[in-house]
Structures are given as C-alpha cells and as structure tokens.
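Structure record follows, encoded as structure tokens.
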C-alpha cells in the first residue's frame, strides 16, 4: 500500500480537530483589536442603508451575569447578520452610570455626602467608581466575541450625555408635560427617596389585617336613609386594611356607588351593635367578627350614603363617605379606608372631593413630631401600637395575621410605603401623553407579540411618572422656581440650555456650583434652585435622544430595534416610550424584542444560596465563548432560557459536529485554487450540483430565520444540514471520489468546487453565532479574500441550477431514503459478524418497477452512493426469502459478503483487481486514476 499512498489525495488542514476555544479565543480577540476590526466593518458599509439596534444600558455596578451575556450575544448575532445582509449596522454599547446603587457602594467607602466628604467630592468618587465598573464589564463583554465601539461607548455620565439629558427635559417642559405636585409615590425609607415603578419588586409579607369601625356622627339621619325608625346601639361603618399605620392619615371612607350596602345588627358576648358593609360581604363580615346572631335592618345603594360623616376612631375629627370606582368586593367589607397621602387610588379620589393630602410620616419612615399618639415611631413598628389603641377605643372588630404580596425596594429588599411628597411628575393625561403612547404601541412590532398587550395594559393603568429623586449622584433637575408661588421661571427652557452648555464642559457638578445670579441677575433673590435629581430611568429612557440622535454614526436614522429582557416592558421600553412620546409624539423604536430570564436545568431562578449560578466568565474560561454563543442561539429566547453544565456540554457536542464539518471541508480543499480549478455549477457531477442546490435552499431558509430573529431555527437548520445532508450522505459518498480520483480530474475538481461553495456559504451562516470559529475557518479557506468574514455579505456563489439531464431533488431524496434502508441492513450484517466494513458487501436491491427505474439510472455509480463494492437492482418479484423487506414501500434488500479481491488503493472489492499486470493489487478504476485520464463520473 505504501507504494500507492502518494497517489491518493489525502485530506490535510491546519484547522485542528479540537477547538481549544478557551485558549485560542483570547489571541483572536487581540488580533481583532490590533486590526481595528470594528472600524473595518464600519468602513465596509459606508453609504449602505442603516440598521440601528440601540443598546439598553446595563447598570455600571458589579460583574456581568449570565443574563447580561444572553442579552449582549443576541444583540451581536443580530448586528452581524444585518451586516451580512448588507446593512450599515453600528453597535454602540452603553452603561447606566448614575443612581442609588452606586451611591450606596461609595458610601460604604467614604461615608455619606456632607459628613466626612463634601457632595462635590462624593459625586467625583461616584464617577470614578462607575468608570471602574464599566472597565470590568467591558472586558467581560468583549471576551464574549461581541463586536462594537468598545473604545467609545456611551455613558449616561458623559458630560455631553448629561447635558443632552437636561436638554431633553427642556423639550418635555416646552411640550407641557411636566408638573409639580404633592402626590403619593413609592418611597423606600432606607433609601430616603422615591422609587420608580421599575425599582419596585413584589415579595410575600405578613401584615396585620384589621377591621375597624368608624362610628356614625348623625345616627338619626343614617337610620332614616336605611328606613329604620329607631336603633338604640352604636352604628359604625367598617373598613378592612392591612396597613394600620396609615390610619392617622385617614380622611374618608370610600364605597362603590352601584353596590348595595346593608345596615346589619349583630350580637357578640351580650354586646349589640350595628355595622354598615357591602351586602355581598355582610355574612362573611359578621362571621369574621364572631357574631352569635345578626339581622339585616336595611339596604340601600352606595350612592345614597355619599357625604355621610363618621368619626375617626382615635383622632378628634370626622370623615365623609365618598364614592370611588376602585372599590371592589374581592375581600374586606366593601368600604375602603382612604388616606390620600398614602395611596394612588386614595389620592385620585381624594382630589375629586378636595380631601387633605395628609402625610404624617418623614423621609425615614418615622412619624413626625406633631403626630398624636405615635410621634417618633417607625411606621412598621407602630402597627401593633395602632392596633392596641383601636382595641382600647372599642373600634377593633377583628385582627389576624395576613400573608400577601407587598411592594419591596429592589435594592434593600425591604418593604416600602406610599408617601405623599412634593415631586416633579410627567403627566400621563394633561397633554394626552397616555393616548398618544397607546397609539404608538400599535405602530410598533412586538416580538414575541404578547409584549404588545403587556405594555398596553401597563401604559393604560400607570400613574403619572414621578421623575424627581432626592439623591446626590444624578442628573440635576435644572430648574429655578419662584420662592413665593413655586412656579417655574418663565424662561426655564432657555435657562436650561445655558445650564446644559456648562454641564457639557464641566459635568453635572456645574449645576451645584452655579450661583443663580450668574444666570438670573437681579431676579436671583426671587428664585431658588431645585436640588432634586432625575430618576435614573429618565437617564436611560432618553438615550434615543441624548445618544442616538447625537452621535454621527447613527446618521439621524432613528432606532429600528430595542432588545432586552422581558422585565423591561415596565422599565426601559416604558421610560423610552414615555419620553419619546412626550418629546416627539412617536415611539422611539420600530421593533421591540424581549427575551426570557435564565433559569437552571430544573427551571429554577439562579441563586447563590441554591448554588446553581452559571457565571459566563467560568464558561468562557472552560468551554470558550463560542459554546456559550451556540447555547444562546439554539435556545428559544421567547420563554425562560435553561442553562446548566449538562446543557452547555450538549451545546459543546453540537459545536463539535459543526467544527468537524468545517474541518472536513477545509481538509478536502487542500491544494484547490478557486481561480484555476473551479468547475462551473452547470458542469458539475450531478450529485455535486444537487448539493449546491440544497445548500442554496438551506441558505435562503437560514437568512430568513436570521431576518425574523429565529436563531434557534438557524442552529437547527445548520445542525440538520451538517449532520444529515452533508455528514451522513454527501460527505460520505464523495470521500471515495475525493481521495482516489485523479488529482486534476473533472470528477475530483467538481467535488472540490461544490465543497468550496458550501464552505464559503457556511462560514457566513455560522459567523453571527460561532464568530471565533468562523474567523478561524475564514483564515484557512483557499483563494483571495478580505481579511475578515465579518466585512462580507451572504454568499452569492450557490447557483441553484437544474439541467434537463439532472435527477430531480425528489429523486435524490428518494436515493437518500434507499441508502438509509441499506445502511440498516449493513449494520445488522456487521453485528452478525457477516461483514467487517460496508466495502466488503455486495448489495442487491429488489424493487418495484417505479423504484427500480429510479435507482437503476445511476448504473455502476449506485455502489458509490450506497458505499458498497457492488450494487445490483432486480425486480421485487425475484426477491428470495432471505431478502429483507424495508420501511420503504416497494423495496427489499439483500446484503452478502463479496468474494471479490480487495483493491489495496481504494479498498473496494472488485472482480478486476490484478487485471493489469503492472499493478497486481489494484482494480481497473484505480489504474485509470493513476496512469490514465482518470475515471469519469456522471451522477456520484
């Protein structure tokens, strides 16, 4: 055999079988950086149609987690696939840099501002801390193979961005959307600040649930309403609440106008009294209150009780009955304790009735000094004391511990309160912001489509947006208000532009350093500077304006796509929609795509306490970024995304199949020069032309899947193509021709030309997902080419040509089915020790007339398709009993061991081995391939 080895075309490549990604990828990243790859991509797309994916900024605090990785990889896949589609698709990553979490970290290091350190120094420390966090996260994102403008990202703390945030607020003001008011807002007593909707998490909490009686002031008038002539016992309207601490702020009792209310007399332990509650709940109520007997004395509509007055249970005033749409009969009594300073619904209904917005609670959650009974007590600790006082006053009808979902601070994980404070709001309804936003939601494509109804519900029900915070590290609300009437300076918009110019030069500290007289002159004495800062959701929500509209690479195009986790419907998607609608009366995006959260293999949330956290840094260090990228792409992101070591190892197995396919392609293109050796698709062997045609079809399906953001479909199509059509059919069949045909022969060059086209196409298919591997393959492909696959477009060399003489695609698919059935019998013969390998076999196909004609058309080349040394086709009627019926209708198969001699060069067993005296160990075909013109192939 050694004499003939040099006559074979053995595969050879520098592309290693093992990826060794964890070690090889960092060196590739260094080359990408040194070659300024991102800039090369930008230069290659000058003048092309833009596609703008705007990066939602992660918070500049802590290491990136697996959810961050999913998000950035999905964005990178889209950017790279859009670039391949010919778009100019810049990617500018960003970071959210202001806000409380950074303040808390800096406080741990240097103390609170105004104590050991000045506010100005504190802000500078916050800036340094955020910058260091950005640096750490940036390195981790780059390690994932994400290409972008990493050297010039956007930061919400960039001076220019801070200035643009101020300018954007000026637009909101000039369009009439800003208002000041005392309203109840989510308030964290640990933060000492208002919270945005998106900063509130709901957790279970046990609270005291109490039923409290408010005694009627004018008993005869109430009895008359119910048509009762006389009643000699106390009468109370009863509320049910889980926040006893809010009772000092009670200013009304709310009921539903259309509900029936009853006057019920009941006796408990020889004490008789009457209560007013909703009719549908009265039996539950008297049972809950331990009644031994009860009687309904009268029944009227809620609307008839409006403005009836009842005495506060422990404060020296009485409160009215008011009508509210928010009153339900899901639980309680059908009467709602109303404290306008401690609840959104209470506030809204209170405004209609001109109720006082009482707020007896300070920033720290402690009752103010002038609060009767509870001054100096923290509200949550005061709950028990409120209950005790109610009991003492005879107003407590029931008291139980109640487990329920309650809002908590996202940062401190502690319960929060609703608290009325003077704040700045973007009004949802004053200038029609809500209706415009709802209309714009309809003009946006939501992926998955359930995102639309989700955000519609949120917008329809959301309160005014409280955009002010009482913090140190944030973009200031750069307003001057009149000291006497709290009205904005009439020139606020132009003054804000002057302040923005200063911030652009010196950062937000310029506002705190500013003496009002520098801008207001003699008017300075009449105005005070606002010291509040903006909600950080305003910072990130305005980036369509402060970043996209401001940076030249976006060409003023506007944003095509926002892509974030499903929690951002109430976060970034919402704040961006509100601000874009407030500024421009249109949505900031054309498409919004959401992905699910990452969970472990059992569907559980990632948790350090459970020990199921998968850190992306560990994955890249162990398996490589391409494995992580393949897992992301192969997972349906529309739901929860399961990840575990086992799942990642499965992704690594899939990766090996793709890598092995790439290696086969490269190894068999050894010595192929496209310019000199290419066979036109029309001139190829039929099987090769069919394979190019199949690749063209797969490419169109893969491109369509990329366009629809169906990346799991991309990986499925890719794996199917590599494993089935290439791996177990085409590549198996062509090995013989590739290795044994004459090196320069048409038969071999045809096959190599097909492999070249497939490799050129496939390297592009995988580039958005397996970026490192695609680059590795690209560097080793033959022919002249640009430095990187990432500057290319989808391959156009896959000509879908069908000649008259060609077998139809369905014909090849039938042959593939026949081969699968033959393989089953060959495998059985191997298990039965009849054969060693398939080339020891001779196969007879007993087929019905139609099938026989389709199989026999290949003639002697049928054996190459079946990977046997001989293959015959006979009528099915001639099949002996030993022939095996297959799952393919009209086909029986008989496998036997050939008695022909084995050719030492091609390993086929042929009758003509030794027929040429000079080559006694070779078959006639191999002699032709060594000394003659080389064999000709028509089909395979």
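Numbering starts at 1 and runs along the chain as displayed.
Each residue, glycine too, has its Cβ placed from N, Cα and C.
Model, not experiment: these values are computed from the prediction.
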| query | What range among 25-35, 36-46, 47-57, 58-68 does Swiss-Prot describe as motif ''HIGH' region'? | reply | 58-68
| Which range of 600-604, 605-609, 610-614, 615-619 is motif ''KMSKS' region', per Swiss-Prot | 605-609
| request: Check the motif ''HIGH' region' (58-68) for me and report the mean pLDDT. | output: 93
| field | Non-local residues, at least 6 beyond the ends, that sit with Cβ under 8 Å of the motif ''HIGH' region' (58-68) | value | 95-97, 99, 101-102, 105, 130-131, 133-134, 136-137, 140-141, 155, 565, 597-598, 606, 613-617, 643
| said: Using a 10 Å cut-off on CB atoms, tell me which of the binding-site residues 903, 906, 923, 926 is the least crowded. | reply: 906
| request: Give the three-state DSSP assignment (helix, strand or coil) for residue 903 (Zn(2+) binding site). | output: coil
| query | Nearest to residue 608 (ATP binding site) by Cα distance: which of the binding-site residues 564, 903, 906, 923 is it? | reply | 564
| field | the motif ''KMSKS' region' (605-609): DSSP-derived helix, strand, coil residue counts | value | 0 helix, 1 strand, 4 coil
| Near the Cβ of residue 564 (L-isoleucyl-5'-AMP binding site), how many other Cβ atoms are there if near means within 10 Å? | 20
| task | Taking only the Cα atoms, work out how far residue 903 (Zn(2+) binding site) lies from residue 564 (L-isoleucyl-5'-AMP binding site), in Å, as a whole number. | result | 61
| query | How does the motif ''HIGH' region' (58-68) divide up by DSSP, counting helix, then strand, then coil residues? | reply | 3 helix, 1 strand, 7 coil
